[in-house]
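Trainee: The annotation ATP binding site is assigned in Swiss-Prot to 30-37, 149-152, 178, 186-189. Here Swiss-Prot flags 37 as active site, proton donor. Taken from Swiss-Prot, the feature beta-alanine binding site covers 61. According to Swiss-Prot, the feature (R)-pantoate binding site maps to 61, 155.
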(Lines of atoms letter the chains of each structure in order from A and count residues from 1; the text may use other names and numbers.)
(Lines give C-alpha, C1' and ligand atoms only; values in the text may rest on other atoms or scores of the structure.)
Protein backbone atom coordinates (compact mmCIF):
# COMPACT_ATOMS: atom_id res chain seq x y z
CA UNK A 1 0.00 0.00 0.00
CA UNK A 2 1.33 3.40 -0.98
CA UNK A 3 0.65 6.63 0.93
CA UNK A 4 0.42 9.92 -0.98
CA UNK A 5 -0.11 13.42 0.32
CA UNK A 6 -0.83 15.48 -2.80
CA UNK A 7 -3.72 15.55 -5.26
CA UNK A 8 -1.25 15.21 -8.13
CA UNK A 9 0.19 11.95 -6.74
CA UNK A 10 -3.30 10.66 -5.95
CA UNK A 11 -4.58 11.29 -9.45
CA UNK A 12 -1.50 9.73 -11.04
CA UNK A 13 -1.95 6.53 -9.03
CA UNK A 14 -5.70 6.30 -9.70
CA UNK A 15 -5.23 7.03 -13.42
CA UNK A 16 -2.66 4.23 -13.61
CA UNK A 17 -5.07 1.79 -11.92
CA UNK A 18 -7.99 2.82 -14.10
CA UNK A 19 -5.92 2.52 -17.30
CA UNK A 20 -5.32 -1.11 -16.29
CA UNK A 21 -9.10 -1.63 -16.32
CA UNK A 22 -9.51 -1.60 -12.55
CA UNK A 23 -12.72 -0.57 -10.78
CA UNK A 24 -11.95 2.10 -8.17
CA UNK A 25 -13.39 1.90 -4.66
CA UNK A 26 -13.10 4.68 -2.08
CA UNK A 27 -13.44 4.95 1.71
CA UNK A 28 -13.08 8.45 3.19
CA UNK A 29 -12.15 8.60 6.90
CA UNK A 30 -10.83 10.99 9.52
CA UNK A 31 -8.33 8.43 10.81
CA UNK A 32 -8.10 7.03 14.35
CA UNK A 33 -9.38 3.86 12.72
CA UNK A 34 -11.15 0.96 14.42
CA UNK A 35 -12.54 -2.35 13.15
CA UNK A 36 -15.66 -0.60 11.85
CA UNK A 37 -13.50 1.34 9.41
CA UNK A 38 -11.69 -1.87 8.45
CA UNK A 39 -15.06 -3.39 7.55
CA UNK A 40 -15.72 -0.49 5.15
CA UNK A 41 -12.36 -1.04 3.44
CA UNK A 42 -12.93 -4.80 3.23
CA UNK A 43 -16.33 -4.16 1.64
CA UNK A 44 -14.74 -1.83 -0.91
CA UNK A 45 -12.10 -4.47 -1.69
CA UNK A 46 -14.87 -7.01 -2.35
CA UNK A 47 -16.63 -4.65 -4.77
CA UNK A 48 -13.65 -2.99 -6.48
CA UNK A 49 -10.22 -3.88 -7.83
CA UNK A 50 -8.30 -0.89 -6.45
CA UNK A 51 -9.20 0.62 -3.07
CA UNK A 52 -8.35 4.18 -2.08
CA UNK A 53 -8.82 5.36 1.50
CA UNK A 54 -8.37 8.90 2.72
CA UNK A 55 -7.45 10.21 6.15
CA UNK A 56 -8.27 13.86 6.66
CA UNK A 57 -9.54 15.56 9.81
CA UNK A 58 -11.72 18.11 8.08
CA UNK A 59 -11.88 21.47 9.89
CA UNK A 60 -14.97 22.53 7.91
CA UNK A 61 -17.18 19.98 9.66
CA UNK A 62 -16.18 20.90 13.22
CA UNK A 63 -18.03 23.69 14.99
CA UNK A 64 -16.72 26.09 17.62
CA UNK A 65 -15.98 24.24 20.85
CA UNK A 66 -15.97 20.81 19.19
CA UNK A 67 -13.06 18.36 19.36
CA UNK A 68 -11.05 19.32 16.26
CA UNK A 69 -7.82 19.98 18.16
CA UNK A 70 -8.03 16.88 20.36
CA UNK A 71 -9.26 14.50 17.65
CA UNK A 72 -6.66 11.69 17.71
CA UNK A 73 -4.11 11.52 14.88
CA UNK A 74 -2.76 7.96 14.67
CA UNK A 75 -1.35 7.69 11.15
CA UNK A 76 1.12 4.82 11.62
CA UNK A 77 -1.45 2.58 13.33
CA UNK A 78 -4.05 3.57 10.73
CA UNK A 79 -1.74 2.63 7.86
CA UNK A 80 -1.28 -0.86 9.31
CA UNK A 81 -5.05 -1.35 9.72
CA UNK A 82 -5.73 -0.17 6.16
CA UNK A 83 -3.08 -2.49 4.76
CA UNK A 84 -4.56 -5.48 6.60
CA UNK A 85 -8.07 -4.62 5.38
CA UNK A 86 -7.06 -4.58 1.70
CA UNK A 87 -6.40 -0.91 0.94
CA UNK A 88 -4.17 -0.19 -2.07
CA UNK A 89 -3.64 3.55 -1.73
CA UNK A 90 -3.90 5.98 1.19
CA UNK A 91 -4.44 9.68 0.53
CA UNK A 92 -3.39 11.65 3.63
CA UNK A 93 -3.41 15.34 2.66
CA UNK A 94 -2.68 18.39 4.77
CA UNK A 95 -5.27 21.11 5.36
CA UNK A 96 -3.29 23.28 2.92
CA UNK A 97 -3.51 20.61 0.21
CA UNK A 98 -7.27 20.29 0.65
CA UNK A 99 -7.98 24.01 1.02
CA UNK A 100 -5.11 25.82 -0.74
CA UNK A 101 -7.03 29.09 -0.82
CA UNK A 102 -7.97 28.87 2.84
CA UNK A 103 -11.39 27.95 4.16
CA UNK A 104 -13.05 31.36 4.36
CA UNK A 105 -13.57 31.70 0.61
CA UNK A 106 -13.95 27.98 -0.07
CA UNK A 107 -16.90 27.05 -2.29
CA UNK A 108 -19.38 25.10 -0.17
CA UNK A 109 -21.79 22.28 -1.02
CA UNK A 110 -25.07 22.39 0.86
CA UNK A 111 -27.76 19.68 0.94
CA UNK A 112 -30.92 21.38 2.25
CA UNK A 113 -33.64 19.70 4.33
CA UNK A 114 -31.73 16.48 5.03
CA UNK A 115 -28.97 18.52 6.70
CA UNK A 116 -31.21 20.63 8.86
CA UNK A 117 -32.62 18.49 11.69
CA UNK A 118 -31.19 15.86 14.02
CA UNK A 119 -27.38 16.31 14.15
CA UNK A 120 -27.70 19.35 11.89
CA UNK A 121 -29.73 21.19 14.53
CA UNK A 122 -27.06 20.90 17.23
CA UNK A 123 -24.08 21.07 14.85
CA UNK A 124 -24.85 23.96 12.47
CA UNK A 125 -22.68 23.87 9.36
CA UNK A 126 -21.53 20.31 10.04
CA UNK A 127 -23.16 18.67 7.03
CA UNK A 128 -22.15 21.51 4.75
CA UNK A 129 -18.57 20.76 5.81
CA UNK A 130 -19.10 17.04 5.20
CA UNK A 131 -20.73 17.51 1.79
CA UNK A 132 -18.01 19.96 0.74
CA UNK A 133 -15.08 17.75 1.66
CA UNK A 134 -16.69 14.57 0.29
CA UNK A 135 -17.49 16.27 -3.02
CA UNK A 136 -13.87 17.47 -3.22
CA UNK A 137 -12.57 13.97 -2.45
CA UNK A 138 -14.94 12.45 -5.01
CA UNK A 139 -13.59 14.86 -7.63
CA UNK A 140 -10.00 14.06 -6.67
CA UNK A 141 -10.38 10.26 -6.60
CA UNK A 142 -13.22 9.88 -9.14
CA UNK A 143 -14.18 6.46 -7.74
CA UNK A 144 -16.68 4.07 -9.24
CA UNK A 145 -18.04 3.31 -5.78
CA UNK A 146 -17.65 4.53 -2.21
CA UNK A 147 -18.48 2.91 1.13
CA UNK A 148 -19.84 4.71 4.20
CA UNK A 149 -20.94 3.39 7.57
CA UNK A 150 -24.61 3.34 8.46
CA UNK A 151 -23.74 4.48 12.00
CA UNK A 152 -23.63 8.03 10.61
CA UNK A 153 -27.07 7.54 9.08
CA UNK A 154 -27.88 11.19 8.44
CA UNK A 155 -24.46 11.71 6.86
CA UNK A 156 -25.10 8.74 4.56
CA UNK A 157 -28.50 10.19 3.58
CA UNK A 158 -26.90 13.59 2.86
CA UNK A 159 -24.19 12.01 0.68
CA UNK A 160 -26.69 9.87 -1.23
CA UNK A 161 -28.77 12.98 -1.95
CA UNK A 162 -25.71 14.99 -3.02
CA UNK A 163 -24.55 12.25 -5.40
CA UNK A 164 -28.06 11.94 -6.86
CA UNK A 165 -28.72 15.67 -7.17
CA UNK A 166 -25.32 16.52 -8.67
CA UNK A 167 -25.36 13.54 -11.08
CA UNK A 168 -22.15 12.06 -9.71
CA UNK A 169 -21.55 8.64 -11.37
CA UNK A 170 -20.64 6.98 -8.07
CA UNK A 171 -22.33 3.99 -6.42
CA UNK A 172 -22.80 4.67 -2.68
CA UNK A 173 -22.83 1.63 -0.41
CA UNK A 174 -23.98 1.85 3.22
CA UNK A 175 -22.33 -0.76 5.43
CA UNK A 176 -24.07 -1.93 8.64
CA UNK A 177 -22.82 -0.57 11.96
CA UNK A 178 -20.12 -2.61 13.66
CA UNK A 179 -20.78 -3.06 17.38
CA UNK A 180 -18.95 -4.18 20.50
CA UNK A 181 -20.22 -7.34 22.19
CA UNK A 182 -22.47 -5.26 24.47
CA UNK A 183 -24.06 -3.45 21.51
CA UNK A 184 -22.22 -0.13 21.64
CA UNK A 185 -21.60 1.18 18.13
CA UNK A 186 -17.88 1.41 17.40
CA UNK A 187 -16.76 5.03 17.19
CA UNK A 188 -13.46 6.87 17.35
CA UNK A 189 -15.02 8.99 20.10
CA UNK A 190 -15.58 5.97 22.37
CA UNK A 191 -11.95 6.43 23.37
CA UNK A 192 -12.95 9.60 25.23
CA UNK A 193 -15.15 7.60 27.65
CA UNK A 194 -14.03 6.67 31.16
CA UNK A 195 -14.45 3.03 32.21
CA UNK A 196 -17.57 3.99 34.16
CA UNK A 197 -19.05 5.86 31.19
CA UNK A 198 -18.18 2.99 28.84
CA UNK A 199 -20.21 0.64 31.03
CA UNK A 200 -23.24 2.96 30.77
CA UNK A 201 -23.04 3.70 27.03
CA UNK A 202 -24.76 0.52 25.72
CA UNK A 203 -28.07 1.88 27.05
CA UNK A 204 -28.42 3.68 23.70
CA UNK A 205 -28.51 0.47 21.68
CA UNK A 206 -30.73 -1.23 24.27
CA UNK A 207 -33.24 1.59 23.87
CA UNK A 208 -33.08 1.40 20.08
CA UNK A 209 -33.57 -2.37 20.20
CA UNK A 210 -36.55 -2.10 22.56
CA UNK A 211 -38.39 0.52 20.52
CA UNK A 212 -37.51 -1.35 17.31
CA UNK A 213 -39.00 -4.57 18.68
CA UNK A 214 -42.17 -2.74 19.75
CA UNK A 215 -42.61 -1.14 16.31
CA UNK A 216 -42.02 -4.48 14.57
CA UNK A 217 -44.66 -6.01 16.85
CA UNK A 218 -47.16 -3.46 15.56
CA UNK A 219 -47.04 -0.63 18.13
CA UNK A 220 -47.09 2.61 16.13
CA UNK A 221 -47.66 5.03 19.01
CA UNK A 222 -44.27 6.57 18.33
CA UNK A 223 -44.69 9.39 20.86
CA UNK A 224 -45.39 6.98 23.72
CA UNK A 225 -42.58 4.62 22.69
CA UNK A 226 -40.17 7.52 22.39
CA UNK A 227 -41.07 8.90 25.83
CA UNK A 228 -40.38 5.52 27.44
CA UNK A 229 -36.92 5.29 25.90
CA UNK A 230 -36.03 8.91 26.62
CA UNK A 231 -36.81 8.25 30.28
CA UNK A 232 -34.57 5.17 30.29
CA UNK A 233 -31.65 6.98 28.62
CA UNK A 234 -31.85 9.98 30.93
CA UNK A 235 -32.18 7.74 34.00
CA UNK A 236 -28.87 6.13 33.00
CA UNK A 237 -27.20 9.54 33.29
CA UNK A 238 -26.99 10.66 29.65
CA UNK A 239 -28.01 14.10 28.44
CA UNK A 240 -30.22 13.60 25.41
CA UNK A 241 -29.74 15.62 22.22
CA UNK A 242 -32.49 13.86 20.25
CA UNK A 243 -34.37 10.56 19.98
CA UNK A 244 -36.47 10.43 16.82
CA UNK A 245 -38.47 7.98 14.71
CA UNK A 246 -38.12 8.98 11.05
CA UNK A 247 -38.86 7.76 7.55
CA UNK A 248 -35.75 5.97 6.33
CA UNK A 249 -34.92 7.92 3.15
CA UNK A 250 -36.12 11.50 3.55
CA UNK A 251 -35.81 11.58 7.37
CA UNK A 252 -39.20 13.24 7.85
CA UNK A 253 -41.14 12.19 10.99
CA UNK A 254 -42.38 8.63 10.53
CA UNK A 255 -46.05 7.76 10.17
CA UNK A 256 -47.74 4.42 10.95
CA UNK A 257 -48.01 3.84 7.18
CA UNK A 258 -44.23 3.95 6.63
CA UNK A 259 -42.51 0.63 5.92
CA UNK A 260 -38.98 2.07 5.88
CA UNK A 261 -38.19 3.51 9.32
CA UNK A 262 -35.05 4.61 11.13
CA UNK A 263 -34.79 5.40 14.83
CA UNK A 264 -31.98 7.84 15.56
CA UNK A 265 -30.45 8.91 18.87
CA UNK A 266 -27.74 11.33 19.97
CA UNK A 267 -26.78 11.91 23.60
CA UNK A 268 -23.94 13.24 25.70
CA UNK A 269 -22.18 11.02 28.20
CA UNK A 270 -20.09 13.51 30.12
CA UNK A 271 -18.51 15.67 27.41
CA UNK A 272 -18.64 12.93 24.75
CA UNK A 273 -21.41 13.00 22.16
CA UNK A 274 -22.55 9.54 21.05
CA UNK A 275 -24.86 8.73 18.14
CA UNK A 276 -26.56 5.54 17.03
CA UNK A 277 -29.51 4.36 14.98
CA UNK A 278 -31.59 1.35 14.08
CA UNK A 279 -33.01 0.88 10.59
CA UNK A 280 -36.23 -1.13 10.21
CA UNK A 281 -37.87 -2.53 7.09
CA UNK A 282 -41.41 -3.53 8.05
CA UNK A 283 -43.39 -6.26 6.29
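Glycine too: its Cβ is placed from the backbone N, Cα and C atoms.
Quantities reported herein were computed from a predicted structural model and do not represent experimental measurements.
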Trainee: In the structure shown, which of the binding-site residues 61, 150, 155 has the fewest other Cβ atoms within 10 Å?
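Mentor: Across 61, 150, 155, these binding-site residues, the one with fewest Cβ atoms within 10 Å is 150.
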Trainee: May I ask which of the binding-site residues 33, 36, 150, 178, 188 is closest to residue 61 (beta-alanine binding site) if we compare their C-alpha atoms?
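Mentor: Minimum Cα distance from residue 61 (beta-alanine binding site) across 33, 36, 150, 178, 188 lands on 188.
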Trainee: Measuring Cα to Cα, how far is residue 37 (active site, proton donor) from residue 150 (ATP binding site) in Å?
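Mentor: Here the two Cα atoms lie 11 Å apart.
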Trainee: Enumerate same-chain residues with a sequence separation of six or more from residue 30 (ATP binding site) and a Cβ-Cβ distance below 8 A; give 'none' if the list is empty.
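Mentor: Sequence-distant Cβ neighbours: 55, 56, 57, 58, 71, 188.
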Trainee: Test of understanding: give the count of other CB atoms lying within 10 angstroms of the CB of residue 188 (ATP binding site).
Mentor: 18
Trainee: Looking at the binding-site residues 33, 178, which sits with the largest number of other Cβ atoms within 10 Å of its Cβ?
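Mentor: Counting Cβ neighbours within 10 Å, the top one is 33.
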